[in-house]
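Annotated features in Swiss-Prot:
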| type | residues | note |
| --- | --- | --- |
| BINDING | ASP48, GLN49, HIS53, ASP57, TRP180, ARG184, LYS213, VAL214, ASN215, ALA241, GLY242, GLY243, GLY270, ARG271 | substrate binding site |
| ACT_SITE | TYR182 | active site, proton donor |
| ACT_SITE | LYS213 | active site, schiff-base intermediate with dihydroxyacetone-P |
| ACT_SITE | LYS213 | active site, schiff-base intermediate with substrate |
Amino acid sequence: MGIFMIKRLKKRDVKVPLTVPEDRKEEYIKNYLELTKRTGNVMLFAGDQKIEHLNDDFFGEGIAKDDASPEHLFNIASKGKICGFATQLGLIARYGMDYKKIPYIVKINSKTHLVKTRDPISRALVHVKDVVDLKENSGLKILGVGYTIYPGSEYEHIMFEEASRVILEAHKHGLIAIIWSYPRGKNVKDEKDPHLIAGAAGVAACLGADFVKVNYPKCDNPAERFKEAVLAAGRTGVLCAGGKSIEPEKFLKQIWEQINISGARGNATGRNIHQKPLDAAIRMCNAIYAITIEGKSLEEALKIYYGDRK
């Protein structure tokens with residue numbers, strides 16, 4: 001699988017949303033170019049699961065012992081090649097003083113999986129103003145915010161309104177806004193259906209998101225079918241969720257196809273990175289980054305991950 005050429009963006013190439021005030025346009029452009037490494041693509045390290053999945057993803061069979069401590073996430077983010085590390089504000093406040101060079105995306109809302117409801121709802125834990133205050137008071141490299149919506153839930157209207165306000169407030173301060181968009185609820189028959197995923201991507205575009213994180217479809221020929229979501233999102237860049245840990249070769253091949261066949265603008269990976277020991281987690285970051293940001297081939301990415309180990 002050959003190399004996909006990635007264009008280097010200049011300031012003038014960034015389409016600044018009209019919701020960004022004139023005096024914040026430079027800040028928005030700076031954050032956008034930093035987050036995308038001047039490519040328009042994003043390799044996001046997702047570390048918000050300590051609320052979402054409690055300790056299930058961090059302790060147990062097949063999970064590295066390193067992962068039992070939250071600091072494992074920060075060690076990976078500080079040593080691996082990433083565009084941004086997404087996690088909750090509270091965790092950043094507890095560890096950020098020792099990891100000031102990490103580019104952060106603050107996850108605004110989260111919920112646990114303990115409440116067994118067919119129609120999920122996830123509300124804001126903090127306000128965008130709290131994020132801005134942390135950025136200004138700490139000097140941390142906070143580039144944007146993230147928010148999860150569940151289209152199809154009977155509570156979607158609550159999340160849509162809150163997400164819309166989060167995006168507007170983020171843009172007012174020159175921050176990037178990323179939406180996690182997962183169709184869920186008693187009326188959703190198959191959340192991995194490619195047509196439904198495309199709809200979820202389009203919802204994020206209508207809310208004004210800069211990027212949207214969605215699940216990769218489970219179907220025949222997913223790389224081709226996923227093109228519908230990329231088209232539906234328009235100028236909102238589509239990022240693929242990493243999902244459960246799978247074999248590195250299979251995962252990196254999927255990443256390559258998402259970028260080079262489907263036209264996705266990146267990925268947001270959690271378990272396939274942090275469930276590994278630190279050295280392997282760093283190598284996985286570097287391999288994903290090589291495909292997403294550097295335009296490397298699958299073979300080159302596999303060599304970065306395995307080195308002489310295979």
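Quick reminder: no glycine exception, Cβ is built from N, Cα and C everywhere.
A map of Swiss-Prot features onto the structure.
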residue: ASP48; record: substrate binding site; contacts (Cβ under 8 Å, 6+ apart): ALA86, THR87, GLN88, LYS107, SER110, GLY146, GLY270
residue: HIS53; record: substrate binding site; contacts (Cβ under 8 Å, 6+ apart): THR112, HIS113
residue: TRP180; record: substrate binding site; contacts (Cβ under 8 Å, 6+ apart): GLY146, TYR147, THR148, ILE149, VAL212, LYS213, ALA241, ALA268
residue: TYR182; record: active site, proton donor; contacts (Cβ under 8 Å, 6+ apart): THR148, ILE149, TYR150, PRO151, GLU191, ALA200, VAL214, ASN215
residue: GLY242; record: substrate binding site; contacts (Cβ under 8 Å, 6+ apart): ALA46, PHE251, ASN267, ALA268, THR269, GLY270, ARG271, ASN272, ILE273
Three states by DSSP: which one describes ASP48 (substrate binding site)? coil
Taking the residues ASP48, GLN49, HIS53, ASP57, TRP180, ARG184, LYS213, VAL214, ASN215, ALA241, GLY242, GLY243, GLY270, ARG271 listed for substrate, what is the greatest CA to CA distance in Å, to the nearest whole number? 21
What is the total of other Cβ atoms whose distance to the Cβ of GLY270 (substrate binding site) is within 10 Å? 24
